[in-house]
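Written below as structure tokens is the structure these notes are about.
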């Protein structure tokens, strides 16, 4: 899951720290030392993590947008200036903005707040923000809890005794409470020094950034793998005394199911499954990063020559169009499948079902599934016209199906521009034009974005007025027809806003080629 590091650069972070030796340190230097340690660990063991760096005092600034380049993040740590007073609320508002712009409100995110425990002074201080928390309007609400799933880790460049001498610790604990209790406060044990700062950040790494290694098994075949992001324990709400359930480190494949049968099931989370190659001495050579490029290339070459069950499984699932059912724990299952990342690249993914003996109703109980060879006759029928499962979903979804994503403005802009490009090439691109138009129409109706339909209709009418004299007469009719259909759908009338309805091309008698026109 993405990480936002929020660094306090107010004047209080420049307070000197008495450290053994002649060199003078500030609390800011201790924080930079700890973050450098964190970034080095993530570059080696958590390199798929997207991380952003935000600095704040009375205002906030995005120093490094979300990236996997940890060298850039470490360079930014040495380029931070000192500013004025602390205002935590503005920093938390900044975190809300950058996370929602990049990832939306559904992706879990970890926020690492590095500060010295000073709450600021006057209006804008954390004391003032918490004191007025219950007196705010909805338009001026406090940024916690975050509008996305999150965990807030507060790294204090102060020891517990210093924080308890004021109300700083109570206010910081209130932040965790406001974030639905998701997070933790870390303080320096003992005097402020580099060693104790390393120990504090080491606790954060152990808690939140330890890679999840497991053994993937299928019969006698095994493979060491890393599951990313790390699966979080799941708490069953129905239990009287809920106990977090964690997945086993032994992931055993219990069978294979056709991808058409498993359809598009509800899942708790999705994870990459990455093989961990071992060299001849038994040491790991992947998926970490080595310092020397030549050593890295040679290690990858060695790893590429060693047979790996995880690679075999990935290729087999991709070719056969099947998924592997994997047991995560007692009465807890998931599935392994190949997901295309691009036309030439795909990844082995693992999705976690909800715990229980029957996570997918249309498959029945997992424990009662068996191989086709045990059946007296082909359960799918001789012509593949029936199913052995008790309940079939109405619509079977394909994992290769293109999904309309408008998380960023650029995604919506691209889809609209695609329609306009095809509109200028009518009637040759009639089929493509209506295909893209219906895709945008369905997405707009699904999101309740009716104003978009009105806006695209206006654009099509404008394109109609800009057609050159040499344009085919059918183009004007098709553009006018499409614009009218979108305007009708934008009114919200039920008979015109059916999701399954498609706008069909207008039937005309115009010839389609220049030869026919002559």
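Glycine is no exception: its Cβ is also placed from the backbone N, Cα and C atoms.
Keep in mind that what you see is a predicted model, and the values were worked out from it rather than measured.
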Site co-member for Mg(2+) according to Swiss-Prot, given 10, 12, out of 86, 115, 132, 166: 86
Region 'Disordered' per Swiss-Prot - which of 373-394, 395-416, 417-438, 439-460: 373-394
Where residue 10 (Mg(2+) binding site) sits in the secondary structure, as DSSP reduces it to three classes: coil
Shell list (Mg(2+); ref centroid = CB of 10, 12, 86; cutoff 8 A): 8, 11, 13, 57, 84, 85, 115, 116, 118, 120
Within the compositional bias 'Basic and acidic residues' (374-386), residues counted as helix, strand or coil by DSSP: 1 helix, 0 strand, 12 coil
PLDDT averaged over the residues of the domain 'VWFA' (2-204): 88
